[in-house]
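Per TrEMBL, transmembrane segment is recorded for B:28-50, B:83-105, B:117-139, B:145-167, B:188-205, B:211-230, B:242-261. According to TrEMBL, the feature domain 'ABC transmembrane type-1' maps to B:79-260.
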Amino acid sequence: MPEAPAVRTTELSKAFVSGPTTTWAVEDVSIDLEPGSFTCIVGPSGGGKSTLLRLVGGLEEATTGTVETMPSAFVFQEHGVFPWMTVRDNVAFGLKMAGMPKAERRRIADDWIQRVRLEQFATAYPHQLSGGMRQRVAIARAFATGSPLLLMDEPLGALDAQTRMLMQEELLALWEAERTTVLMVTHDIDEAILLSDRILVMSARPGRVKEDLAVPFERPRRHDIERSPQYAEMRSHIWESLRDDALAAEGADR
Amino acid sequence: MSTTRRDRTEAAVRAQRTKEARLRRRDLALAIASPVLLLVLWEVCARALIIDPRFFPAPTRILQTGIEMAASGELWSHAGPTLARLLVGGGLGAVAGVVVGLLMGSSRALNAALGPLFAALYPLPKIAIFPILLMIFGPTEVPKLLAVFITTFFILQINTVSGVWAIDPKLHEAGRAYGARGFNRFRHVILPGALPFVFSGLRTATGTAVVVITAVEFTGASTTGLGYLIWNSWQLFIPEKLYVGLVVIGVIGAALTFVITRSETLLLPWRRR
C-alpha cells in the first residue's frame, strides 16, 4: 500500500485501575485504517469499543502500545452538542477553537447546516430540536472541522428505530460524497453492515479484535441490501461471533 | 356538510380558548385581591381599634409616614447605605464565589485543598463572625461589607462547584475533543454549563444577604441603614417608621430578585422552554 494509513495502532492496550482491581479494556490491538474507508467496531456492551475509539482520538492515554493518526473530529451521541450554543455556534465550534476568523467559519458552518437540512434552525438551541436533528448537528459539527478522520461513538444510539434508519441513509449519503475516513463504534450489526467497508468484531474484556471482515456490497448503498442472501449470511456470522461474548458480558454484570 | 363540521370544530376551539383566557384573568384577579383584602382588613381593624394601632398602625398611616420620610430625605439616608452594602459587598462576594467555584470545580487539587475547609466554614452563622470583624476593622464600613461578602461568597462558591460538577461529562469531553483548552474551556464550556446553578445561587444569596445586612445594622455598630432604622424606631417606639423600614427592605429584596431573574432569562436563552 503506497499511501500512509489514516490510523495505525500498534499493540495498543489500555488498563483501568480502580482500587485493587485492574481491568484491561483494550488488549494488544494492531490495526491500520486505509484513508477514505469506513470502518465499524462492533462488540459486546461493556467491551473496549469506546475505549479503543477514545485512544485513537487522544481522549485516553494508552497504557502500552502506540497510536499514529491524522487529525480527527469526534461525533458523540446527541447529548454531546452544547445546549448553550445555537445550532450555528455548535457547528462552528471546532473551527472557532482552531482560531478560524468569524466570517470564514460562519460560511463553512452554514454550508454544513444546509447539507444536513437544518438551515431553518441555524439560530435555534438544541432543546428546540428533535433527537434526530440534534444528531445531525453533531454530525455537521464533526464534518465542518474538515478533519480527514471522523471518530463516531454510537452516534445514532439514542434515536428511535425509524429516525435511526433515516439517519443511517443520511450519514451514508454524506459520507459517500465526502469519503472522509471514518471509525465508528456501534452495537447494531445491521448498521455496521450497511455503512462500512470493514467491520472489526471485538471480544468481551479484555477487548481484542477477534475478527476483521470486509463488507462486499457495492456503493452507493441503501437499506435494500438487507434482502440479499449474502447480507443474511454476514449478519448471522457476526452474531454468532458476538453471541458468546455478549452472553459472558451479561453474566459478568450480575 | 364538511363546512358545518369545520365550523363546529372552530367554535369548540374558540370556546376552549375563551375559557382558558377567562381562567387566567381570574387567577390574576385572585392573586391581587388577597393581599389587597388583607390590607383593607388591617386598615379597618386598626381604625375600629379591634387591633391596637400603637402596635399595628393602619397601612395608610405607614404610607403617609413613608412619604414624609422620603420627602425629608430620612428614608434615603437609610435605604442608600443598605443598598450600597448589598450591591458592593454582595456583588464582590458573588464574583469571588463564582471565580473560586469555577476553579475548584475544574481542579481536583484545588478542590481537595479548599473543599473540606469551605464546607466546615459554610454553616458558621455569618452574623456570629461580625464581632470579630468589628474587632479587626473597627466600626467602619469594612466589617459590614465583609459580612455580606462572606455570605454571598460561600453560597455562590458552593453552587458554582455543584454547577460545574453537574455538567454532563460528555460535554466536557466534546469540549476537549474539539480543542477547547485553558481559557477557552472556561469561557465556552465550564462557565455556560455552570450558569444555571450560579443563578439559583444568586437568588438564594440575595435573600440571605438581606437578612445578614439587616442583622448587622441592628447592632450598635451602625447608625445608618434600614436595619438601624427598624431597630432605632423600636427603641424610640415609633412603629410607623419601623414598618416603613420593613417595607422598604422587603422591596429592595424583591427588586434584586427581579433583576436576577430577568438577567437569567436574557443571559440563558437556551434555558427558556
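Any Cβ shown, glycine's included, is placed from N, Cα and C.
Heads up, TrEMBL stuff is auto-annotated, nobody curated it.
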Would the transmembrane segment (B:211-230) count as touching the transmembrane segment (B:188-205), i.e. at least 3 C-beta pairs under 8 angstroms with sequence separation of 6+?
no
Folded-back contacts onto the transmembrane segment (B:242-261), same chain, C-beta under 8 angstroms, at least six residues removed:
57, 62, 65-66, 69, 75, 78-79, 82-83, 86, 199, 202-203, 206-207, 210, 214, 226-227, 229-230, 233-234
Before we move on, state whether the transmembrane segment (B:117-139) and the transmembrane segment (B:83-105) share at least 3 Cβ pairs under 8 Å, counting only pairs 6 or more apart in sequence.
no
